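Read through the structure below, which is laid out as structure tokens, and then see the notes.
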Amino acid sequence: MGDEQPSTTAVSGLRRVITLISSLISLSLSIRVFAGKWQLIRSRLEELHSALVAGDATSLSGELPAITGTAEECHELARRCLDLSYSGKLLMQSDLDVTLGKLEAHVKKLSEIFKKNVSMHGYAVVVSRPGFGACKDDMRFYLRDLLTRMKVGDLGMKKQALVNLHEVVVEDEKYVKLVAEVSEFVHVLVDFLGCNEVEVVEEAAKVVSLVAGFDSHKGVLVSAGVIAPLIRVLECGSEVGKVGAARCLQRLTENSDNAWCVSAHGGVTALLRICESVECKGELVGPACGVLRNLCGVEEIKRFMVEEGVVSTFVRLVRSKDETVQVSSIELIKNIASDDDLVRQMVVKEGGVRVLLRVLDPKWTCSSKIREVVMRAIENLCFSSPSCVSVLLSYGFVDQLMYYVRNGEALVQELALKVAFRFCETSEEAKKALGDAGFMAELVKFLNAKSFEVREMAAEALSGMVMVAKNRKRFVQDDQNIALLLQLLDPGEGNSGNKKLLISILMSLTSCNSGRKKIVSSGYAKNIERLAEAEVSSDAKRLVRKLSTNRFRSMLNGIWHS
């Protein structure tokens, strides 16, 4: 019994001081005076708490009385700062400095004891990982144990602690929040990014990347100085480390405020080298492209990237077989050339439009997502430039669009229709090319689509296309085209496009004899008069007047009053 008593006393003393320090950490968060001092004290208390949690009562028993005494003194200082019951600022600052010094000495002593135990026994008792749904106190207990091992353990223990940490933050995002709340934890991870041990850097980069995935924690990482070591990893780290660093930077630079920091530490050059290298795999190039895409929103950084040859690099990467690389490359080209005629010309000169059209070719094997990204990029790059529109026409863009309008999957088909509609607005040559390709016949089909947006778009596109004489003649050759337009003008027809646009199309068709004849001879011509008589549409009345010329009056009277 005599041998067990010291152990029981030590365990009891250890529990008491852990509880006291935990309470003190919470109490310090409410203190509003001497904020800088208390932040330093709280950091030392957290270190001390981690060391006590990870230690064992027997080896720490000699230090417990002194640590308990310091904790009690600190608790009294905290109470006086909360109550503002101290006698003078200078005296309180002095007392806080003394307490901080004692806490630092305790942390140093426990670190020495921990290292000694590890070297003597080759292992330390590992705190069991809490089960799913565990309370936050148990989770914090586990994390503090990992932090202590990361700080004072040997290389093997550091690596294992990082692996364990990565596992829990992947499986439960509550751990991410708890890690980000402890500044010391974040600083240790950032320090590990500059470590000479490859595996430590790799594991640290993985964890930091996960933390960066949460908007609320990005500022904590940046404040801890994470960007500079991440860029050093990009420059000289292992492939795995570089992937983790690139992913982290991609997430951090979603906030444009961090762009300059990346640039200031040489990040743009490091990222461009990765993208230029034929040896780097898609797993690394993809997020590297993503970072550069985020950075090009800053004009000065974009100019530097252009001077460094970013256009030719990313035109080449559009051909990549890795979808992530393709998407990021296409979006970067789109972003960097947006509203910039000079860069747009460079993209054309480097063969960028030709490459995009090659990817859009139905014979090219790629996902629907890639096709959607390419269509949007072509629209963004080319539609505002007459010379680029001419390039598209010469490379068979219209035929590709028509293929997807007729045969694409639902989302791709609708996007192709929208892109064709906007292309139609670029020039008369584009309207003629679309007319020659049979686009008007497809538009007529979409006038009866379920989607109001699609019906509206089809009607508006037709309205523009029949302004071209060649297209009008082609359109009226099919009797069913005019019949459908007139049928959709039925006042009782709910599933129709915009009647104003439909009447606009008919108005254009009346400029040719065959169009007028087919309108007035249609069995649905009465719908125009009904709209006019109901005073629903002034456009309908104008159309009636247009059709009621001397030449056609007798014909109209015979049809409308039969």
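Backbone N, Cα and C define each Cβ position, glycine as well.
As written in TrEMBL, here are the features:
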DOMAIN    16-118  domain 'DUF7032'
DOMAIN    246-445  domain 'U-box'
REPEAT    266-310  repeat 'ARM'
REPEAT    309-352  repeat 'ARM'
TRANSMEM  17-35  transmembrane segment
Non-local residues, at least 6 beyond the ends, that sit with Cβ under 8 Å of the repeat 'ARM' (266-310): 227, 231, 234-235, 239, 242-243, 246-247, 249-250, 253-254, 256, 259-260, 317, 320-322, 324-325, 328-329, 331-332, 335-336, 343, 346
Secondary structure content of the domain 'DUF7032' (16-118), with strand meaning DSSP E or B: 87 helix, 0 strand, 16 coil
Structural state census, the repeat 'ARM' (266-310) (DSSP three-state): 34 helix, 0 strand, 11 coil
